[in-house]
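Student: These came from TrEMBL, pasted as-is:
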{"type": "DOMAIN", "residues": "7-351", "note": "domain 'Peptidase A1'"}
{"type": "ACT_SITE", "residues": "ASP25", "note": "active site"}
{"type": "ACT_SITE", "residues": "ASP235", "note": "active site"}
Amino acid sequence: MDLYGIYYTKVKLGSPPQEFSVQIDTGSDLLWVNAKSCANCPRSSSFGIGLRFFDDAASSTAKAVPCPSKTCPNRCTENGQCSYTIKYEDGEVTYGVYMVDRIGLDFIRLDSTIGTSSAAIGFGVCTYQSGTLGDSALAVDGIFGLGQGPLSPISQLASRGVIPPVFSHCLKGEGLGGGTFVLGEISEPGIVYTPMVPAQPHYNIYLQSITVNGELLPVDPAVFATSTGRGTFVDSGTTLAYLVEEAYEPFVSAVTAVVSPSATTKIIDGQQCYLLSSSVSQVFPVVSLNFANNASLILKPADYLYEFVGDARGTWCLGFLKKPWLTILGDLALKNKIFVYDLFRQQIGWTTNYDCLKAAHVSVPRQRSSSSSAIDMLMLFMLLPQAIIILFLQLSL
């Protein structure tokens, strides 16, 4: 059973700007795009995206990163270029050179006028990739990593005071998707916050319990705790969601017990599915993921189910899959909600049931990163209260 969906936005790199469609991924750090010289990168996309390839020779501001150097993330190539290699959780690999160039920043001022700016940023230029990255069915121009590592665009730009150390997204789940990605804070009523687990590469948070239809699952909270190779984190680069295996069976049993009078259970490709003739909202229970600081993420049936398109209509499958050691909140659970990643306060917040195509209120936190210089501090306070950088997302399924 294959189900694909990615949220992507457009970024501009180089001088003059070259525009690319890149997947939004909070589960990785690096921004990278395909190189003009990449031999095995896909040349077409079933998403309807006209694929583009970065040409460093066409940019007057592109610079190679010295190797070896403190800014080189990986190792040197045989000809002395700084390189990078990333292996994603599902086995995909991207390899290439690490460069510095300008990234274009379109922003909306508080008076609703639009301005443009640019800033230097380090990013990867992919010369080789494997796995589904090279599959035209899933092809985009690259990935916009939004993790907390030093190579993340958020970390690079926030450390220099170019953007605030906070970003937000709202992923629309219906139709062709869409939504908003903000380099700043979406400030809407009803946002609840939970602390992030410190010193983690991902956006780990403290999951304490799960309730189904108001009933607490009989699961030891320790299975959700963060340790080496374990934990619960938010990842916009994951299409569905995962539950740690100790919680998965109790979750399936609890949901099935609620719906069994109205639905027939089915196993399709190893996944728990249900055949029913009535509306899922009338049959399936509300699920609550309960985090530290009394922050609960409320999941309606559409937030943990997807419709299986097969020989029988009305077949719905659990979008939470079983995984050893990890619980991962992917796009299925994140959609139709505002999510705020506050790196300064080290917390993540969310709302439930928000129209992600509706205009959102945005603000800029006035705290500064301790690593910002005095001049960056001045720029941060003078410019950012007047301008919020906003990128609009698209979803391809």
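Note: Cβ is positioned from N, Cα and C throughout, glycine not excepted.
Model, not experiment: these values are computed from the prediction.
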Student: Take every residue in the domain 'Peptidase A1' (7-351), average their pLDDT values, and give the whole-number result.
Tutor: 90
Student: Return the residues near ASP235 (active site), defined as same-chain residues 6+ apart in sequence whose C-beta is under 8 angstroms from its C-beta, sorted by sequence, else 'none'.
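Tutor: Looking at Cβ-Cβ distances below 8 Å from ASP235 (active site), excluding near sequence neighbours, one finds ASP25, THR26, GLY27, HIS202, TYR203, ILE328, LEU329, GLY330.
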Student: When a 10 Å sphere is centred on the Cβ of ASP25 (active site), how many other Cβ atoms does it contain?
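Tutor: So the Cβ neighbour count for ASP25 (active site) comes to 22.
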